[in-house]
Amino acid sequence: MNDSVSRPPRPDTDRKPHSAHWGVFSAAWKKGALEVLPHPGDPDPNPLIQNFTNALDHPVRVKAPMVRRGWLERGPGPDAARGRDGYVQVSWEHALDLLAAELKRVKDLHGPLAVFGGSYGWSSAGRFHHAQSQVHRFLNTALGGYVRSVNSYSAGASAVILPHILGSMDDVARRNVTWEQIVGHTDVVLAFGGMALKNSRVASGGISRHIERESMRQAAARGCRFINISPLSSDFPTDAQAEWIPAVPGTDVALMLALVHELVAHGWHDEVFLAQFCEGWEDFQHYLLGRQDGQAKNAAWAAAICGVPAAKIAELARLLRGKRVLVTVAHSLQRAEHGEQPVWMAAVLAAALGQLGLPGGGYAYALGTLAHYGKRSNAVPVASLPQGVNGVKAFIPVARISDMLLHPGEPFDYNGKRMPYPHVRLAYWAGGNPFHHHQDLKRLTRAFATLDTFVVHEIGWTATARHADIVLPCTMTLEREDIGGAPTDPLLVAMHRIAAPNGQARDDYDIFADLSERLGTRQAFTEGRTSGQWLRHLYEKTRVALQEKGLDAPDFDQFWEKGELTLPQQDDDGGILRAFRADPSGQPLPTPSGKVQISSPVIAGFGYVDCPGHPAWLPPEDAPTPAFPLFLVANQPATRLHSQLDFGAHSASRKRQDREVCTLHPQDAAARGIADGDIVRLFNARGACLASAALSTTIMPGVVQLPTGAWYDPVEDASGQVALCGHGNPNILTRDAGTSSLAQGCSGQLTSVQVERFDDALPPMRAFEAPAAETVVSG
Ligand SMILES: Nc1nc2c(c(=O)[nH]1)N[C@H]1C(S)=C(S)[C@@H](COP(=O)(O)OP(=O)(O)OC[C@H]3O[C@@H](n4cnc5c(=O)[nH]c(N)nc54)[C@H](O)[C@@H]3O)O[C@H]1N2
Ligand SMILES: Nc1nc2c(c(=O)[nH]1)N[C@H]1C(S)=C(S)[C@@H](COP(=O)(O)OP(=O)(O)OC[C@H]3O[C@@H](n4cnc5c(=O)[nH]c(N)nc54)[C@H](O)[C@@H]3O)O[C@H]1N2
Ligand SMILES: [Mo]
């Protein structure tokens, strides 16, 4: 791989502050290299910041505007050549003229209902240059709106189920039990999906202090027991001294049911709490005890499903009795078939224990999966760019993108409603990577082939850029000024510019401003401000709010000079669950009954077989078979955020033979003649990919783990079909199906595969090479 620097060595510079979703840092040029150091106040810095050191000048950066040859020659229209076509370099003027004309054509012919602007993705930490906000604002001002997407790949199922049963996602995940409460009060943390530090070190908008490791250490030292229910023992750091209970992926609901069954069988459940604070226990109990289907959901029943011995389940129930127990469920559990069920069932378990609303107890959904959760909220707002008004009502649940493009006009179910998929002709993406985040990549390729036009702003030649018709090079965060901040992190960061833009890269904002000019809407988009003026404007909200509280409120120049500002935070008050427990009639939950919905007449009324009116064990369709006997866990990568900077020094250094590393149990490896370090082929009916095999007993037998984020590198067979991903992107294997008719969330965490040793010649890894510009056209 060619990592050579494409410009003359840079002179030494002073150290300047900056921020990323994975940590606050400072950077300086020293002897021609970028030196990146964590914020001095960060007790447990994230090594991911080292992915920046070689990123700025990497050959895979997009350096100039490029147009796909087929689109340039044949004009807009469905085209199966997307993803394999060549590119033609054009001038900025020409690219923006072409794009403005195409936006106008689609709008005039079909209206904004034909433009998909969901543009899902994490982009970069700065709040002004947040690409998704930029593209939404542009489409609203220039076209009057766009088809949007709702919810996230993170929490598609929980975002819909939680408001039915407890309250909003934010109330249950973000403003609930904190790490401070765990350190002070919790006896047992029962963590389904664990609390992997790799995950809790990341927060959108930035994170200045990584406190999770130390919090776990202190809680454990006080005697708190952490229980890791997961296929991987590595889902807890050793600091937590967690007990590992390996469970078959996707079967947590059976285990939770059996725990509640044990509580009820021994009379250890909190009947007073269930009667006073909950609705629907009776209906649920009929199911639990098997009064309808003749099957009690007891430990013996669950053991056969989840692989945890019945005696161990009984022991666990006994451990929970009379203790201050916190139940957590990682996002991963609901990124799966019937993902609504574990989110709901965990709330029922916490309710049966009578723990909801107690300090350090109850249910903190997703605590430990992101640095947002388990923290105090800021007492003043941080900057964000207003997105304007979207005149289009149509939307899709975010992970239904391929369905929408392949089935325009056809109906889909969502949260009690049935709606048609809009007929989209143009998709606009800035700040996201669908060839990272979406499932069944061959199907996604077919879906994008249906478009008239696909536009992408990117810093690098991701597979998404390689499937686009118009690729516009944008600056990466280090090349511009911004403000970093998040609602539960007290540090507002003045993100200084570290380097001049690579090649012809421009800020997303300036690209949209010049496009708006061509569409006659520049003033509406910019409000007459340059990006520098916007930063001052957005900072002002925070300054005024501080001033109103009588606090020190430095002006923008002082803030910029100092590089950061510490914001005041709210009390650690336990949020809506604590308030509800203290005063159930005065502070009801925002549910139909005002109580915890153990059963939900509303959901029952939807009549969905894949999401009934109370939590239930629903066996998955995509389970191992004789042909594909292993579970694949396609989880978050430890070496990067999603696909971002996969070419960065830290991420690249963890690959072997340029391939992503997958982990499997020595027993499963031996049965297949696989040794540590062998290249293996993972495959199922949808596709195949290569990876380097690492053998470890930190994973349970029957499970193979391959993280997401390796840039898709399709390798074609003799007939021109994609034979495999040569780099190790697991989404060529995952299934593209909604969690259920209720939420239609992403279910990409789990699938079933076979693994074999790959003895053929290793295809060269080309994901980090930019496509050559075939010709240059100036206009
Ligand atoms: N199988 C499987 N699939 C999954 C998951 C899983 O567990 N398993 N996890 C899912 C989850 S939780 C998530 S959140 C998604 C994440 O999916 P994404 O958020 O789409 O992934 P990122 O790699 O963060 O994509 C961000 C893109 O924005 C680009 N970018 C960065 N800064 C800028 C900028 O300033 N401007 C522009 N225009 N672009 C910029 C980056 O180069 C990158 O390509 O993936 C989901 N996919
Ligand atoms: N380093 C790093 N950190 C990240 C991210 C990243 O890309 N890189 N992404 C961030 C984002 S956007 C999000 S949404 C969060 C995601 O947070 P999660 O979705 O929770 O993260 P994952 O790593 O996918 O899954 C956590 C663990 O759950 C376990 N698991 C998988 N399936 C099951 C199951 O069926 N049952 C049980 N009990 N356990 C299971 C796996 O062993 C896995 O390691 O992480 C965030 N943090
Ligand atoms: Mo996510």
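Just so you know, glycine gets a Cβ as well, placed from its N, Cα and C.
Curation does not apply to TrEMBL; its annotations are automatic.
What TrEMBL lists as domain 'Molybdopterin oxidoreductase N-terminal' is 18-54. TrEMBL lists 61-518 with the feature domain 'Molybdopterin oxidoreductase'. Residues or ranges marked as domain 'Molybdopterin dinucleotide-binding' in TrEMBL: 630-747.
Only residues 6 or more beyond the boundaries of the domain 'Molybdopterin oxidoreductase N-terminal' (18-54), in the same chain, are considered here, and those with a CB under 8 A from a CB of the stretch are 3, 5, 9-12, 122, 124-126, 197, 201-214, 477-478, 484, 491, 493, 495-496, 498-499, 563-564, 639-641, 644-645, 647-651. Looking at the domain 'Molybdopterin dinucleotide-binding' (630-747) alone, the prediction's average pLDDT is 98. Residue counts for the domain 'Molybdopterin dinucleotide-binding' (630-747) under DSSP, helix first, then strand, then coil, are 13 helix, 36 strand, 69 coil. Here the domain 'Molybdopterin oxidoreductase N-terminal' (18-54) is broken down by DSSP into helix, strand and coil counts: 6 helix, 17 strand, 14 coil.
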